[in-house]
Amino acid sequence: MNQWMELANRVLAGAEVTDEEALSILHCPDEDILLLMHGAFHIRKHFYGKKVKLNMIMNAKSGLCPENCGYCSQSAISKAPIESYRMVNKETLLEGAKRAHDLNIGTYCIVASGRGPSNREVDQVVDAVQEIKETYGLKVCACLGLLKPEQAKRLKDAGVDRYNHNLNTSQRNHSNITTSHTYDDRVNTVEIAKESGLSPCSGAIIGIKETKQDVIDIAKSLKALDADSIPVNFLHAIDGTPLEGVNELNPLYCLKVLALFRFINPSKEIRISGGREVNLRSLQPLGLYAANSIFVGDYLTTAGQEETEDHKMLSDLGFEVESVEEMKASLSAKS
């Protein structure tokens, strides 16, 4: 039995991954990558079998953000030529939900740019979500920025299932990425979501000039935060942002990162998120031996892979999509 399968068995028995073991994952020799992914899949299969959860993003409000996040094309300091618009109307949100439902995508993510939502924007989301739940029964995730307790309660009462607010990077590296809000601001929003009964979703961006120790620290911080769903983004450097031209990643390292997140957060939904197409490239299928969830379609301001290609990839792997009906049943079981 190789060292990664031994570690996987210890993790399944309840052991915590040490920093030394975590570093060994990130330093795994490239020629041993299949052994590492086999260990990660041993854990993934224990909790999720061969099921894959599908998610779709609706960019409900674009640009116009006062924050100074260095990776983001929508920030106040970005010069990227993106489309900017205020919160879309209810009909547009419903059209997106119908598309997700028709494509058998179980989770619909409503994402809005900005520091945090106004009460009016919360009103708009609440109004749409109530009809989305009645008509399509999708799992709804909201990602609206820094959240107040009363706003979180309104979202929960309307039927929102999950709230996303990424920590993005380690506490140590956070001020290198943005200074317009703190790491603790982000943690606080996730805690507010949890306290309101929303399922917490929080993840990371890899490739933003962090160290390997930063990657380990963010994976462990998300474990401590007990995030149910962990999106792992890989930087897609956009021209006009401070991180323009940064390209520190390669496909094999991205696989090691996904394996690390699975070993540290064994039972959680690990989602391959933004940047998978440009960073994992032809090795995208291997990522699903560690992760059990992907975004389908376009991201916020960058294009994703065609939905049909994602379905072909999953079929070729012998994996099974968690259907909308299966997702509905799992939500009913939790309620």
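Keep in mind that glycine also has a Cβ here, set from the backbone N, Cα and C atoms.
Note that the structure is a prediction, hence the values are computed from the model and not measured.
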Problem set entry | Site-mate of Cys141, Cys201, Arg271 for [2Fe-2S] cluster in Swiss-Prot, selected among Cys72, Cys109 | Cys109
Problem set entry | Cys69 ([4Fe-4S] cluster binding site) versus Cys109 ([2Fe-2S] cluster binding site) - Cα distance in angstrom | 21
For this session: Determine, to the nearest whole angstrom, how far the Cα atom of Cys69 ([4Fe-4S] cluster binding site) is from the Cα atom of Cys141 ([2Fe-2S] cluster binding site).
Result: 22
For this session: Using C-alpha atoms only, work out the spacing between Cys201 ([2Fe-2S] cluster binding site) and Cys65 ([4Fe-4S] cluster binding site) and round it to an integer in Å.
Result: 21
Problem set entry | pLDDT averaged over every residue in the domain 'Radical SAM core' (47-276) | 94
Exercise. Could you tell me the C-alpha distance between Cys72 ([4Fe-4S] cluster binding site) and Arg271 ([2Fe-2S] cluster binding site) in angstrom, no decimals?
Worked result: 20
